[in-house]
């Protein structure tokens, strides 16, 4: 049974006198920093000097400095730079600022779990991972609600790492929605699997396969786009709101019967076997090794695949159709 913490389990006073340093002011960084500040906590931000994050954090009223300076000053250091940058940032600028009594925090376990960052034994190492994008973490906080988070403790040098992490979670508003206890290993492996097999890799491959099947059978690409991509949001929103059963109760009986009888033919035993292989590559570290080496080599495979995918017909058709949808506003 999952252990979930709520407001009664979180004591904000534990970190009220501590200085919190946020590394990065991007998608998650801005939300963490602003929520913590609005909770009455002391926050400083570390970014690349003169960069977009530096300018934005300064405009938002934060004291901004280089990472090395922040690491010396802060009692709690939350690593919110991109995963692929964190190991270098840590080695170059954070490690030398760590002292007994400090806590190093993460919002994703990749670098700790796969040994890219190895903190000294005298610091607490914890994770608070909000289960939503940064803009939503900020939005629900300003509305008086909160987003759920995962909590994990990798090192408890102080003897109160969990309590301190729970206080941080309250600072960003997760006490209002629930803070589920996990481990760095479980968070990392399930997060990667979800991205690869379902949320990103699985979904985009399914959408493209459906689109290509219809187009190759002679149907208009525009109609195929609507049926296989555009309407996906309607179904996902229903599942998000009330689960799979709620979604099925909200669609026609014809759609439901097709779901029950044809869905398992698309996602079949072969798919389960492949999913197991993908999970195995995550668990044994082979995916992490592949991705780390890809970055070290300058991302040749990544860049080639990204370019190829951007040229898919579904992108051309989608751009044309979306340009006529006045309610869609492209984010700047």
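Backbone N, Cα and C define each Cβ position, glycine as well.
Listed in Swiss-Prot for this protein:
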ACT_SITE  108  active site
BINDING   25, 26, 27, 28, 83, 84, 85, 86, 134  NADP(+) binding site
BINDING   191, 227, 231  Mg(2+) 2 binding site
BINDING   191, 195  Mg(2+) 1 binding site
BINDING   252  substrate binding site
DOMAIN    1-182  domain 'KARI N-terminal Rossmann'
DOMAIN    183-328  domain 'KARI C-terminal knotted'
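If you take the C-beta of residue 83 (NADP(+) binding site) and look for same-chain residues 6 or more apart in sequence within under 8 angstroms, you find 108, 110, 111. With all protein chains in the displayed structure included, the most crowded Cβ environment within 10 Å among the binding-site residues 85, 252 is that of 85.
Comparing local CB density within 10 A for the binding-site residues 191, 195, 227, 231, the maximum falls on 191.
Using CA atoms as reference points, the binding-site residues 85, 195, 252 were checked against residue 227 (Mg(2+) 2 binding site), and the closest is 252. Of all residue pairs in the NADP(+)-binding list (25, 26, 27, 28, 83, 84, 85, 86, 134), the one with the greatest Cα separation is 18 Å apart. Around residue 134 (NADP(+) binding site), a 10 Å sphere centred on its CB holds 20 further CB atoms from the protein chains shown. All chains included, 13 other C-beta atoms sit within 10 angstroms of the C-beta of residue 27 (NADP(+) binding site).
Across the structure, residue 134 (NADP(+) binding site) and residue 191 (Mg(2+) 2 binding site) place their CA atoms 16 angstrom apart. Around residue 25 (NADP(+) binding site), the C-beta neighbours below 8 angstroms that are at least 6 residues distant in the chain are 33, 45, 47, 53, 54, 56, 57, 62, 64. Ranking the binding-site residues 27, 191, 231 by the distance of their Cα atoms from the Cα of the residue listed as 'substrate binding site' places 231 first.
Cβ neighbours within 10 Å of residue 108 (active site), excluding its own Cβ and spanning all shown chains: 21.
The average pLDDT computed for the domain 'KARI N-terminal Rossmann' (1-182) is 97.
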